[in-house]
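Per TrEMBL, the features are as follows:
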- 32-52: transmembrane segment (TRANSMEM)
- 81-107: transmembrane segment (TRANSMEM)
- 140-160: transmembrane segment (TRANSMEM)
- 172-190: transmembrane segment (TRANSMEM)
- 239-259: transmembrane segment (TRANSMEM)
- 284-302: transmembrane segment (TRANSMEM)
- 323-347: transmembrane segment (TRANSMEM)
- 359-381: transmembrane segment (TRANSMEM)
- 393-412: transmembrane segment (TRANSMEM)
- 418-437: transmembrane segment (TRANSMEM)
- 458-476: transmembrane segment (TRANSMEM)
- 488-509: transmembrane segment (TRANSMEM)
Amino acid sequence: MSKNLKHIGIVASATLVSRVLGLGRDMLTTAVFGAGALNSAFVTAFTLPNLFRRLLGEGALTAALVPTLHDEMQKKQREGAFALVSQVASWLLIITVSVVVVAMIALSQAGHLAKAAVDWGVSEGTTQRWLQGADLAVVLFPYMIFVCLAAAFSAALQTLNRFLEPALSPIWLNLSMISLLAGAAYLGWADDLNGAMRWLCAGVLIGGFLQMVVPAVALMREGWRPRFDLGASDPLRGIVRLMVPTLFGSAIYLVNMAVSRMVGLSLNDAAASVLNLATRLMELPIGVFAIAVSTVVFPLISKYAAQGDYVNLAAAYRKGMRFILLINTPAAVGLAVLAPAIIRLLFQRGAFTADDTKLMVPIMAVFALGLPFFSFVNLVLRAFYAQKDTTTPVRAACISFVVNLGLSFALMGPLSTVGLAIASNVAVVVQAWYLQVHLARKQQSLAFHHLAKDAAKVLLASLLMGAVVAAGWWVRSRFASPALFIDAVALAVLIVLGASVYAGLVWVFRVEGRDEVSALLQRRIKGSK
């Protein structure tokens, strides 16, 4: 378990750096563009190619490729696995280039659709936002080629127990976007908002190229040599059979978010932008810990599934689930309680106004409360994929998509943007429930009742912590001071206080898994010194 803790710590640390840089990127873009139409157009445009990053990097390709590579490693050693990587990369290159070309041609015709939409009664403001998004999407779509290839290389590295390079991948994107936007503004090369947006888009493409090159070089150091191979081996066919239905199952969270943003684009100028910011804040603990746990646990449970060792598979799954519950449940409560302070501190400057903060607070609070379920789905899907069951995730995805789409249109009228956040949360709760019920039917040792007692203790500890933090922020609010520095100090004190209260309660309640989490955190703290 010590080795697995080390791998989780590596991924969590690298992901934390990436997420902090991502927050810095969001702070910079909101300061430059605010939450207005241009930023919302960029968010929506980047959602399209970024879906493929999230889908392949954390979804279908990895879910299908990792178990198959493990099989090849057992049968044919590294040579067979590396040959399969070359085949996958070659086909990905052909497919992604074709998709990008078709998408760019289709998006370039958006003007004709906008004119037709006006004739059908859609407002000119809405069609203008759609046009801006389509124009930016044409520029950004090539990012998809780089990031899909990066996903294949990263999956191969994970199979070889190389977790650092894949975890570092998003850092190159964030650094590139920050450097080009900040550098252009400092040097006076971005004379207006449209000019600044061009530099931001260039940062996306350069960052995507780096995301592809870094894991490719790391894989070459392991002995892989790139070659163009369009063969159709049995393992490749197996990946396709696993991947096609898995695409739908893995994509549903991402499609739900995309639906929310695209529907939001029709509400007002700021909707897509604030939905994106709230989502990214909610995803911080998911990315730092839940995905780190899933990334390390998935190759492990895939290996046990291949060996037919369901005792160790269940033990690894429950261990990962306890880690997620212990970290993300209090994070959800903390984010919901401290939403006003966090948003004001991080984003309220430049073109991002106090009104934008007020708009975003309830959205972030709603998303935060759904955080444990988003994290839960991440791991439970891996349990199905490790056993090569892709049918159940597809059924869950269909149900979740219908729930999200129906509630989005039902709630956007009375609740505006908050309604979209509620719809997304309800959809993922339904998906999590459906998946866990069917996982328990498939393998009784994976049933949630094995975790229910600890989950109840964690929830109680988190709620008590939330009450303490809320009381502390109420005391802070009694002393009028607009200074961000005072808010920053108060927020830091409350976070430390909340973490201390929660840790003490978890120890008092004797929650299983607390020792491993404590060891992981201590290792990360010592490693950072």
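Here the Cβ of each residue, glycine as well, is placed from N, Cα and C on the backbone.
With respect to Cβ pairs under 8 Å, the transmembrane segment (488-509) is most closely packed against 323-347, considering the stretches 32-52, 81-107, 140-160, 172-190, 323-347. Below 8 angstroms of C-beta separation, residues 45-46, 48-50, 52-53, 56-57, 61-62, 65-66, 69-70, 73, 81-82, 85, 88-89, 92-93, 96-97, 99-100, 103-104, 107, 166, 169, 201, 204-205, 208-209, 211-212, 215-216, 218-219, 222, 224, 295, 298-299 of the same chain, each at least six residues beyond the ends of the transmembrane segment (140-160), sit close to that stretch.
Take the transmembrane segment (323-347) and the stretches 32-52, 359-381, 458-476: counting Cβ pairs under 8 Å, 359-381 has the most.
If you look at the transmembrane segment (458-476), the same-chain residues 6 or more away from its ends with a CB under 8 A from one of its CBs are 325-326, 329-330, 332-334, 336-338, 341, 487, 490, 493-494, 497-498, 501-502, 505-506, 509, 511.
Under 8 Å from some Cβ of the transmembrane segment (359-381) lie the Cβ atoms of residues 35, 58, 63, 249-250, 253, 270, 274-275, 277-279, 281-283, 285-286, 289-291, 293-294, 297, 317, 320-321, 324-325, 328-329, 331-333, 335-336, 339-340, 342-343, 347, 393, 417-418, 421-422, 424-425, 428-429, 431-432, 435-436, 439, all in the same chain and six or more residues away from its ends.
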